[in-house]
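What TrEMBL records for A:Lys100, A:Lys140, A:Glu176, A:Glu177, A:Leu178, A:Val179, A:Glu184, A:Asn262, A:Glu263 is ATP binding site. TrEMBL lists A:104-292 with the feature domain 'ATP-grasp'.
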There are 2 protein chains.
Amino acid sequence: MSLRVGIVGGGQLARMMIAPAVELGLDVRVLAEEPGMSAAIAATATGDYRDLETVRAFARDVDVITFDHEHVPQDVLRALGDDGVAVHPGPDALFYAQDKLRMRAKLAELGMPQPEWAAVSDAAALQTFIDDNGGRAVVKTPRGGYDGKGVRVVASADEAADWLDALEPGAELLVEELVDFSRELAQQVARTPSGAFRAYPVVETVQRDGVCAEVIAPAPRAGERLREMTERIGVAIAQGLGVTGMLAVELFETTDERVLVNELAMRPHNSGHWSQDGAVTGQFEQHLRAVLDLPLGDPAPTAPWTVMINILGGPVSDTLEARIPAALAAHPGAKVHTYGKAPRPGRKVGHVNLVGDDLDIVVGDARVVAAHFDD
Amino acid sequence: MSLRVGIVGGGQLARMMIAPAVELGLDVRVLAEEPGMSAAIAATATGDYRDLETVRAFARDVDVITFDHEHVPQDVLRALGDDGVAVHPGPDALFYAQDKLRMRAKLAELGMPQPEWAAVSDAAALQTFIDDNGGRAVVKTPRGGYDGKGVRVVASADEAADWLDALEPGAELLVEELVDFSRELAQQVARTPSGAFRAYPVVETVQRDGVCAEVIAPAPRAGERLREMTERIGVAIAQGLGVTGMLAVELFETTDERVLVNELAMRPHNSGHWSQDGAVTGQFEQHLRAVLDLPLGDPAPTAPWTVMINILGGPVSDTLEARIPAALAAHPGAKVHTYGKAPRPGRKVGHVNLVGDDLDIVVGDARVVAAHFDD
């Protein structure tokens, strides 16, 4: 009988696990939030991932549960564990992905390089942190943020007054130093329940309006010192937090050649989409292998450079699909991935991967292909 | 709305179209012969592909119909065409894949190099052909054969007496020269309804008991003359027969440096499975692009060598799936593909792809990986 993998969440990350699951011969099943989502082709159940009985029924006949996102509540995760279900990543690890304050505290304990940070619950404490850190800071709601949501750059505590007022008793906001970074990087690591791990090459990510726009793999101008440092950070976090499956560590590279941990994701991640077409083992296959405790695959790139460009929003004047012929015609090596999602401003609806030997050419060509999906 | 592709037949070729279809954002649907087949995850209908109303109902809401195999009857194909359904490859092309005698006659008309051949309907004519061609010959039933079935090497007409006796009035057997070949090659070409085409590098195929066992891509010791010759043959046949989608031309390379056309397949083919992990555009993605009349992708190899080894039969003592961990552990670059089929002696139940720079090492390593699926 095939190994059965249950994925909670029907978004594009679940969708992109389907191709390698089918190739490897896994029996892949998805609990989607609603009908017609990105991963609908593998959806065997529809329902609310916050409802224990819904998730429990879905998990009853699979070998492992994994996730499209990190939002399944701790009590649901722990109840599955009590039922004897293999859950990867497990609740102890996901705890840190679900709460950025806990994450900062744990990374401090592990000695990881981080921006200056503090937990604040009132305007005075927030203002003090701002004043102590150059007059500006980044305020984050510890839970529920993604793609720039729940993140605000402020110059005074007043600008976060609504968030402070809305805090439950005992709750806190995370405030971080506004890092003077030269660029953003991402380090991915796969880790199995048995403790085996594999690190991907560090990549450069380019964000626009808080959303990943482009990725270059491997990161240009990344010397051995930087590569070893980011890999050591990724592996230390994967091990220290007990992550199983794919871990992405988003990093700031500072103007003074340090790297600081920005965010964590415990699942396949946008910064790793390049690996579908540019690595021996893509991150979606690797995640499945990791959560099933199978031997991990080689994460090495298959070409000198791979560039990934997100399709953000997509065309309004016609459909994404209508643009595919022109996009494919623009370059015979272009790999176009779409997510089966309706276009909406800023929404991630697909991406383009392109590999090659000359970075400037690959970047230029990839942008030409991706531009066919703009309005 | 996504482009909708309907695949008739639920075998492994349909299954392997699912991954690229999902990546590209196509709406892929399969008419499977029965429940639980290889392509079950995308099966939206179950029924007999020989029954017009079954196929017609399946074809009603797709943009194009394509195939897992060449066995859909001509009257069904033509009725779909009359309904206005886009069918690729179309009945005129498939006609030649369905009848080896018609194929030989058409290839002769196109001036393609072939083994000596004849159509025979009685023992005397067959014996004459055998006597004229060195005392041995290959007899083939024109229809319905695959993987060595419907093919018999004979030294006398008596050895085909059962087939001759079973011939319908007016029907004939195909008899071919037993070619003194040094090795077997395969040339794949993709062609769109608009007439665009792309040729893959010629590969070497190794058959055991009439079934493909290994493929080396590109074919070793293939000089420019040979490569140009096989490409010219592939393109001429694709154009001459009006093939749309993937065409595979199986070839004999003779000891006197000629190539002769052995068989044709108008669909993705076992000789092209290497391209899933060893080419910029795999044959399953290319087939979908071709039948949808989308721009074709680059068929170039991504590494110097790719080796494909079929998993034939699979283990009897336990399941295929139980062998996956050891197989993956044997090489971090091994790509294991399984088809969701029950093991049975000689049955194609999966394959292993491995790429690398040194052919001897790649062949050796791929065999070590694949051997984990033997008993």
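Glycine residues also receive a Cβ, built from the backbone N, Cα and C atoms like all the rest.
Unlike curated records, TrEMBL annotations are generated automatically.
Mapped onto this structure are the features recorded in TrEMBL.
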| residue | record | DSSP (3 states) |
| --- | --- | --- |
| A:Lys100 | ATP binding site | helix |
| A:Glu176 | ATP binding site | strand |
| A:Glu184 | ATP binding site | strand |
| A:Glu263 | ATP binding site | strand |
Rounded to a whole angstrom, what is the largest C-alpha distance between any two of the residues A:Lys100, A:Lys140, A:Glu176, A:Glu177, A:Leu178, A:Val179, A:Glu184, A:Asn262, A:Glu263 that the record assigns to ATP? 19
For the binding-site residues A:Leu178, A:Glu184, which Cβ has the most other Cβ atoms within 10 Å, all shown protein chains included? A:Glu184
Show which residues of the chain containing A:Glu263 (ATP binding site), separated from it by at least 6 in sequence, have their CB under 8 Å from its CB. A:Lys100, A:Val249, A:Glu250
For a quick check of understanding: among the binding-site residues A:Lys100, A:Glu176, which residue's Cβ has the most other Cβ atoms within 10 Å? A:Lys100
What is the pLDDT of the domain 'ATP-grasp' (A:104-292) when averaged and given as a whole number? 95
